[in-house]
Amino acid sequence: MELEFLGTGAGVPARQRNVTSIALKLLDERNEVWLFDVGEATQHQILKTTLKPRKVKKIFLTHLHGDHLFGLPGFLSSRSFQGGDEPLTIYGPKGTEEYVRTSLKLSESHLTYALKFVVLPENGVIIDDKTFRVECAKLDHRIASYGFRIVEKDHPGELQVEKLQADGVPSGPVYARIKNGETVTLSDGREIDGRNYIGNAQKGRIVTIIGDTRNCEAITRLAENADVLVHESTFGKQEQKIARQYYHSTNINAAKVAKTAHVKRLLLTHISARYLGQAVRELQNDARDIFKNTRVVSDLDLYDIPFHGRKE
């Protein structure tokens, strides 16, 4: 599981930062990539990475402001042109489907795959399958804006082969049943409870991605105990009044959430073009005064999300 930042800027593209798009790479977990927001020129940023558009199976839009959205029609068309033929699901606020369908219709763009649209509820679970659970919550922005909590399901414990061998359980197809936790009867009449031969489950990871917002209660709930919190930081601590006026967050807002929610790592993105060089370092350092494990991300940064231990 990795996060790749395709764009980390705010408002409009800049030399140092493109507008927002984040790839959650789940290649080992389900051979997929999920995109969160698709700002203008996202597909140009993808050309600088190893990411394959056909691997993108889900797209999540935090809100419908242009710096999070204007790259979507072009990406969808290029995915089709480059051999993508598997269905793609887009999760977004009301109006997402109208925007996409209209853009494709007026440009006479024809896709080689089916699109499915899911309108985000104000709060609720939008995905719950064998490997992941995803919930969203409405935030506090000028228009409807959402945050997402992506929870990986726990990985089953490993089969303790050495223990089985020590207890004289011969290898064979029976091991598969034991790994499933079944009770099996051996040829010598012994009953083996599979649950006694499975190690502790590997606790799944949690990633929280927060769209444009002022500070609000929903953020802390979405971020609770997350391995990684990706939070917008449009402004620095000196611009708290401006941030609130424009329905955005500061680095200090984000750091306080990370501390309160007991997250493991805070990644700050959606950085205003006014912050360059030393100013970016100050954004990071000021946040670290509150929450030490903080990083201001840059375009094309790639972060691995490691496991953090097994369940007791």
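Heads up, the Cβ atoms here are built off N, Cα and C, so glycines get one too.
Asp67 (active site, proton acceptor) falls within a helical segment according to DSSP. Swiss-Prot lists Asp67 with the feature active site, proton acceptor.
What Swiss-Prot records for His63, His65, His141, Asp212 is Zn(2+) 1 binding site.
In sequence order, Val19, Thr20, Asp37, Val38, Gly39, Leu61, Thr62, Gly211, Asp212 are the residues near His68 (Zn(2+) 2 binding site), counting only same-chain partners six or more apart with C-beta under 8 A. Annotated Zn(2+) 2 binding site per Swiss-Prot: Asp67, His68, Asp212, His270, in sequence order, evidence recorded as sequence analysis.
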Between Asp67 (active site, proton acceptor) and His270 (Zn(2+) 2 binding site), what C-alpha distance do you get in Å? 10
What is the one among the recorded positions Asp67, Asp212 whose Cβ has the most other Cβ atoms less than or equal to 10 Å away? Asp212
His63 (Zn(2+) 1 binding site): tally of other CB atoms within 10 A of its CB: 24
Indicate whether Asp212 (Zn(2+) 1 binding site) is helix, strand or coil by DSSP. coil
Using a 10 Å cut-off on Cβ-Cβ distances across all protein chains shown, tell me which of the binding-site residues (His65, His141, His270) has the largest neighbour count. His270
